[in-house]
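Encoded as structure tokens, the structure appears first; notes follow it.
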Amino acid sequence: MACLGPSAQVPELPEKNCGYREVQYWDQRYQGAADSAPYEWFGDFSCFRDLLEPELRPLDRILVLGCGNSALSYEIFLGGFPDVTSVDYSSVVVAAMRARYAHVPTLRWETMDVRALGFPSGSFDVVLEKGTLDALLTGEQDPWTVSSEGVHTVDQVLNEVSRVLVPAGRFISLTSAAPHFRTRHYAQAHYGWSLRHATYGNGFQFHFYLMQKGKELSVAQLAVGAQILSPPRPPTPSCFLQDSDHEDFLSAIQL
């Protein structure tokens, strides 16, 4: 498929962008998910396979955050990486995915909040998220200046990711957020990881971030991370379109 955006018909949207953070919205959205086509934010597995597979090992214990009804976990299994645990805080979609992939016993599905993972420290070799952090940040009014609440929410998730990773474990984030928006979140020394960035997609670029626990951030990356609550402002344009809080933030990436 073309790596342009969601792969299925757009479901009913929340009244406001901040609704993407509410479990009630996702529970309602995923009613009937067991029988519906997978919905893929930022492209399906084939779009970023060449970037992802070199970072995986056949015996890796892999955790997928905010799985939704994406086929990603199953595609990873088919790629030769069988040990995949997927979590979402919508119990509705977790039940649907358990039913859909009941024939694959090494795929596990758990209802869980990504800000408070119920796994022991050092449980996974790889943690992967695709669009989950984007959804948590959709309520932000200004992408250049994330609120202290937004920074705290992302920090909660990333602290948990670092905790459940083994030494030398990898965290992989797939997102629409370019480095000038996302690096400052990932480039924090207390997570104890390094940071690399790549892009993928045809026409519209998406972003692939790789963090490896036990390696260090560069001086330049640490400097960007230090700006987390006071990032540089973008140039003021001579004219602009007024954003609406009713705009479908996630679907707006489609071409």
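Cβ coordinates are placed from backbone N, Cα and C, and glycine is handled just like the others.
Predicted, not measured: the structure shown is a model, and the values here were computed from it.
As annotated by Swiss-Prot, S-adenosyl-L-methionine binding site applies to W26, Y30, W41, G66, D88, Y89, D113, V114, K130. Around K130 (S-adenosyl-L-methionine binding site), the C-beta neighbours below 8 angstroms that are at least 6 residues distant in the chain are W41, F42, V64, G66, S70, L72, S173, L174, T175.
Annotation comment: Swiss-Prot describes Y39 as phosphotyrosine. In the three-state DSSP assignment, the secondary structure recorded for Y39 (phosphotyrosine) is coil.
Confidence over the motif 'Required for methyltransferase activity' (129-134), given as mean pLDDT on the 0 to 100 scale, stands at 95. Per Swiss-Prot, the feature motif 'Required for methyltransferase activity' maps to 129-134; the stated evidence is similarity to another entry.
Between the CA atoms of D113 (S-adenosyl-L-methionine binding site) and Y39 (phosphotyrosine) there is a gap of 20 Å, rounded to the nearest whole number. Secondary structure of the motif 'Required for methyltransferase activity' (129-134) per DSSP (helix as H, G, I; strand as E, B; remaining residues coil): 3 helix, 2 strand, 1 coil. Rounded to a whole number, the distance between the Cα atoms of Y39 (phosphotyrosine) and D88 (S-adenosyl-L-methionine binding site) is 14 Å.
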